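> The Fe cation binding site annotation in TrEMBL covers His77, His163, His167. Among the features that TrEMBL reports, domain 'DinB-like' is placed at 41-171. According to TrEMBL, the feature domain 'Sulfatase-modifying factor enzyme-like' maps to 197-456. The region 'Disordered' feature in TrEMBL is assigned to 1-32, 341-360.
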Amino acid sequence: MTSVHRDVETATPRETAEGETPHPLGELSEQDLRAHTAEVLERARRRSVELTDAVGDDDLVKQHSKLMSPLVWDLAHIGSQEELWLVRDVGGRDPLRPDIDDLYDAFQHPRATRPSLPLLGPSEARSYVAEVRNKAFDVLERTPLRGRDLTRTAFAFGMIAQHEQQHDETMLATHQLRKGDPVLHAPAPPPATARHLPEEIVVPAGPFTMGTSVEPWALDNERPAHEVFVEAFALDTTPVTNARYAEFVDDGGYGDRRWWSEGGWSYRSEYGITAPRFWRREDGRWWRLRFGVYEPVPPDEPVVHVSYHEAEAFAAWAGKRLPTEAEWEKAARYDPATGRSRRYPWGDDDPTPEHANLGQRHLRPAPVGAYPKGVSAVGAHQLVGDVWEWTSSDFTPYPGFVAFPYREYSEVFFGSEYKVLRGGSFGSDPVAVRGTFRNWDYPIRRQIFAGFRCARDLRPGDAGV
Ligand SMILES: [Fe+2]
């Protein structure tokens, strides 16, 4: 580890607040905040509808992979969580469907068993989520957005919008696993315009503010802001590309025990893994399946659908390692000119299509160099959007962590079972991605839209040493 957590007790609230920029949502009038919140919820719903209307009823109730729920489960679960938090808790209204609470409790039923439950059918699920949404909007209209932690700055509404978008990304992953003709369509991402980028950037040693205490819709695991000292390190300017990853594959990387951890090697051996998921070698070149389209692997795009174990093995082969979570966040947020941590790599403004490949606008990562306006203050490209990036860090609480609004949000997942992923993918909505956002998953997961970039300790003679 190259980072050291300092004693949080030494950071006074004033020092912490100085390390971050105040958030614009907190400055909106209640009326504007309500309008903004409604728009974010509506955007999530449009996407849920698009993902579920794209296929027929048979495909909605079917399990396309044991790793995933039927799409109709995700849809009704979205409504169920919205009912629990917004209609019942915030609104204090009577339950609409208390009889189905248990069916849509993710902790009660693992994904593999969900198809055998007496789930709501497609049309029932559609009318249920619409009814819940009507009530939730009524609650939004009548609830003071101050005072109670759950409703201050519309937190619970923001949490539910993020929850829906996260399930939309999960449903997008189900679409990727689904067999059959393409049903989703989107324009190609922008081409690379930043060319001849250096392979690495150097991030200087020093403290920075990690996490947040000011982002109103940040989740419990992103809090609180705290100072972390990070040694100087080098980080890849961009995520690892398909071309570079193919070099590792073609060099026999999957068969060379040297590059793999013990857990990674046994995983790779047990499942017979020889390339990223959805890749196939044919006529001497690599092809991939992407949302029903079979196509040559594009060399300049970030590699996607690799597990943590594969990312770690590639990094060892390249003479590097994966960045820690603190290193990733420092490269994304730290501005050496001000000493502050920004909300996003490019600054404090919400993401636009010029900054990053987010929100399922495109059904693939963009080539490296496609988002020069999204560059971070220390020169890293495409940290946000395109692909989630595996870090070497376990999912653990920050010093001063307080579970909110319930233990099952994050706390029950803390520990060494999960690795942290950062930055969001082309399938993540802007409401569910920011410089502080933490995702976590098992190190064997490959169906998610995850890639990575490498880091390394500096050597004598490197710039900045
Ligand atoms: Fe959920």
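A Cβ is built for glycine as well, from the same backbone N, Cα and C atoms used for every other residue.
Remember, TrEMBL labels are computer predictions, not curated facts.
Buried or exposed, and what's around them? Tell me for each listed feature.
Around the Cβ of His163 (Fe cation binding site), the same chain contributes Ile78, Gln81, Glu82, each under 8 angstroms and 6 or more positions distant in sequence.
Taken together, the residues in the domain 'DinB-like' (41-171) have a mean pLDDT of 94 on the 0 to 100 scale.
Beyond the ends of the region 'Disordered' (341-360), by six or more residues, the same chain brings 19-21, 23-24, 47, 168, 172, 186, 189, 208-210, 215, 225, 329, 332-335, 366, 370-371, 373-377, 380, 382-386, 424, 426-430, 433-436 to within a C-beta distance below 8 angstroms of the stretch.
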> Count the Cβ atoms, other than its own, that fall within 10 Å of the Cβ of His77 (Fe cation binding site), considering every protein chain shown.
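So the number of other Cβ atoms within 10 Å of His77 (Fe cation binding site) is 24.
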> Tell me, how many other CB atoms lie within 10 A of the CB of His167 (Fe cation binding site), whichever protein chain they belong to?
23
> To test your reading of the Fe cation site: which residues beyond His77, His163, His167, same chain only, put their Cβ within 8 Å of the Cβ centroid of those residues?
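Sorted by sequence, the hits are Asp74, Ile78, Gln81, Glu164, Gln166, Thr170.
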